[in-house]
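For reference, TrEMBL has these:
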type	residues	note
COMPBIAS	1-10	compositional bias 'Polar residues'
BINDING	93, 94, 95, 102, 107, 108, 109, 161, 222, 231, 240, 241	ATP binding site
BINDING	107, 109	Mg(2+) 1 binding site
BINDING	107, 109, 161	Mg(2+) 2 binding site
TRANSMEM	229-248	transmembrane segment
DOMAIN	360-421	domain 'Poly(A) polymerase RNA-binding'
DOMAIN	425-498	domain 'Poly(A) polymerase RNA-binding'
């Protein structure tokens, strides 16, 4: 397959004819049945009762949208003849539309299509308020600044991600077909992006040769991706549509293969794929609308995409613009592992359950950053974590641009904050990033500066919150560097099992009941609600390793990790011993909170790189740079 792709003309972007047309063997059928049995315990197959409930909820939501659009027409004094026929419709896309919806927790991606009199501001204001007053709606929040703006909520227990598009039509009929390119005429780019979700999903279904084999393979790949922690578009991995397009491409290359073979070929092809060569399901098309499409020969910015997977519906776009060098490296490593495991399975040396073993993220790295977002109320917390989560990939990008960092790997799953550490911070969520540092090349110690990357990220979040007018009192971000052996201060013991001793339990099953079993941490500086001058030292010497040293806002010290060479400390640079922490307890200058006008507070501390930590905190005068005046407005 690799040689075929390389021999294609550049304009074809690696599109090839089918690699194999061989019919499946009896052995393929047996392996596929075993694959199905291995997936059943994970609830990837939806039962009829759930399917009926989701269909009912979508019917209610469709009527709800039509009612709102009609009311809006009346409020804007449209003629009664038009008001009675304005219509409006809900379209589904993503996993639900592809037919691979899973049992239990998966949400439904939906599109609200409205006629020309409805504005986007109406959707995020009057429709949002109408949802808020609906008894069946819970956990309502709007993410208006997203690449595709969305309202997220639960409707009668079903999670809905609802995007919006208005058409240049006075009415929206029930038989509207979005596949026609003419429906994109005269629309703004945000509406086009929203419509693309439905258009792309329908085009994927049209382009795969066998829907049954495609759906079963996609179920297996999605389960594997979630178990291995590489399923999250917002975090810089791949989302559902990207995984679907990769699977669809394999189905095109092996049109007669069953799911067991397709899963193996999936890992074979993409573990050896020549990124950033794009993955396409069909050739790029021109249109009379002249909308911008993905094409690195024309658009210089497209040349920087590191893992392009191109949507098949016009206007073709890269669905993986969030992927970074680090997240791509993590995914390629997982592709390689998947190939090794499925090769063993097809040879009869292992079973399919091994493919779905979860990644033990908290044993994988020696160095971590704990990112914490907190707010005083549940409503503020929902808005806050939505914004913070959407910007974490900015932090990953900032860190991986550091010359001493090779990998910045974020765990997509968030965790509730420890009640003891954050007992006065209200509602808390935590994310974890694993770090890999380059080995020191010289015999002198190396200073790794993390200040700018982390501070730039926190400033970005606060300014975005201020611009969206969602910044409230008590909203905080904290970023703390810890080593693997210190993770137990933040996570329960069950999450930190040694992978060599036993198979790690499914982290998602523990997510609702995370409680730290240590009770002696009440005096830790990690309690963000305490006044910085009234903190008392902890009795635990090990806690000193993650405490913080206050530094004034105006004169900010730079944040260093100190890499000590083998010749002086007899510690491998990849096993460096250092403890640093950065904390932003308030927004930067220029971000105003009603009744709460505070500024960034940067806190750092240093522990000398010894083979065994003594717990003594000090600042190495040889490594500390001169104090710098920080001015967000000047940046």
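Backbone N, Cα and C define each Cβ position, glycine as well.
Positions of TrEMBL features highlighted on the structure.
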| residue | record | Cβ neighbours (10 Å) |
| --- | --- | --- |
| 93 | ATP binding site | 26 |
| 95 | ATP binding site | 23 |
| 107 | ATP binding site | 16 |
| 109 | ATP binding site | 26 |
| 161 | Mg(2+) 2 binding site | 18 |
| 222 | ATP binding site | 22 |
| 240 | ATP binding site | 22 |
Tertiary contacts of the transmembrane segment (229-248) (same chain, 6+ residues out, Cβ under 8 Å): 94-95, 98, 100, 109, 197, 200-201, 204, 207-208, 214, 217-218, 221-222, 262, 266, 270, 279, 281, 309-312, 319-320, 322-324, 326-327, 330-331, 334, 358-359, 361, 389-390, 392-393, 396, 410-413
Cα-Cα distance linking residue 161 (Mg(2+) 2 binding site) and residue 95 (ATP binding site), given in Å to the nearest integer: 12
Tally of residues which DSSP labels helix, strand or coil - the domain 'Poly(A) polymerase RNA-binding' (360-421): 27 helix, 17 strand, 18 coil
DSSP residue counts for the domain 'Poly(A) polymerase RNA-binding' (425-498), split into helix, strand and coil: 27 helix, 23 strand, 24 coil
Residue 109 (ATP binding site) to residue 161 (Mg(2+) 2 binding site) - Cα separation in whole Å: 5
Separation of alpha carbons, residue 161 (Mg(2+) 2 binding site) and residue 240 (ATP binding site) (Å): 13
Distance, residue 107 (ATP binding site) to residue 161 (Mg(2+) 2 binding site) (CA atoms, angstrom): 7
